[in-house]
C-alpha cells in the first residue's frame, strides 16, 4: 500500500458487494495501466480499493463513503482508466471536485497512472482560460476533471460534448452539494447520456447526498466506512480553552514558544480573520502564507508552492484548503476557530498525519465553543483531550 493511505480495519467497512480483490494483478487491468499503478508507488490495494474498483469497472453505480487518505482518488482513477476506450478521442469520463486545487490534484494522479497509456486528461476549472478549455475539449481529451461551475458552462456553451460520457464521478460530494453547486450538478446530470454510470464519493452522508443517490443512481453498490472510523488514525486531538476570542492570539504565540514545529496549517472561519492573523504574525517575525477563495488561481499556486518548498512555515487558510491538498510535511494543524460546518472538521485535521507521520490537531475553544466541541466528539465518536502542560513531548 502507498504511504499516503491510512489503513482501515476490515471490520470497519460495510459493503453490499461481496467480491474483495487483494491484489492489483487480480483486477485483470490493462498492462499499461498496471505499470502506471506500480510506477506511482501503489503496492497493494487499500481497503476501499479492494472493494470499489471492481464494481466500478463492471459498470455498476457505486456510492462510497470514504475520507481523504483512504485511497479513494486511486480507486476511481484506476477504474476510469480501465474503462476508457483509447481509440475514441472524445470525453468519456467526467470527474467533479468542489475546488480547483482538488481537481488539479486528481488530474495529476490520473495522468501519473496513465503515463504508459494513450489518454489525455484535462482540468476544466474556473480561473483559467476558456480558450484552453475549448482547445482541450475539442482536441481529444478523454477524461475531464473539473469544478461544477466551469464544467456546466462548457456543456451549456456546447463546447463540451457529452455524447460519449459513460462515467460520471463526484468526489467530495457532501462539500459540493453544501456549497451552492447543487443546481449546477443537477443540471449536469440532465445533460449526460441517461446510460452514464454514476460514482459518488463522500466523507459524510447528509440529506443532500442521499437525495442525489435516490434521484440519479441505479441500485448503487454501497461501500461505507463506519462513522466512528472517520477520524484518521494517527491524529492526536487536543483543545485549549482560551475562554474569550481575544485571548486566541496570545495562546498561539505561547504555543509556538513551547514547541518546535517544522510547518503548520492554521484554519480560521473567515477571510478577514485569516488576513488579520497573518498580519499580526508577520509583525512578530513569523514566516506566514495565507490562502482563501478570493485569490486568483496563479496567486494560490504560488503560495502553495512556497509552503511546500518550506520557505513559509505557517499556512493560514479558510476551509478552502481543508479538502484534498497534500501537504505532506505538516505535523500540526491548529483550528484557530472550530469549523462552522462539523463535516469539515475531519478534512481539516486530516492534513496532519495522512502520510504515515504522527499528526497533532489543536483546537482553540472559547467558553461559547465548548458545546460545539462536544458535538464534534459525538458526531465522530471521538475524544478531544485537553492539551497537556508537557506539550513539547507530543512533538518529540
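Cβ coordinates come from backbone N, Cα and C, glycine included.
Note on Swiss-Prot: of 171-174, 175-178, 179-182, 183-186, the range annotated with the feature motif 'DEAD box' is 171-174. Record note: among 22-50, 51-79, 22-50 is the stretch given as motif 'Q motif' by Swiss-Prot. Remark: of the binding-site residues 70, 73, the most isolated position is 73 (fewest other Cβ atoms within 10 Å of its Cβ). Around the Cβ of residue 71 (ATP binding site), a 10 Å sphere holds 25 further Cβ atoms from the protein chains shown. Listed in sequence order, 48, 52, 64, 66, 171, 201 are the same-chain residues at least 6 apart in sequence whose CB falls under 8 Å from the CB of residue 72 (ATP binding site).
Taken through DSSP, the motif 'Q motif' (22-50) splits into 18 helix, 0 strand, 11 coil.
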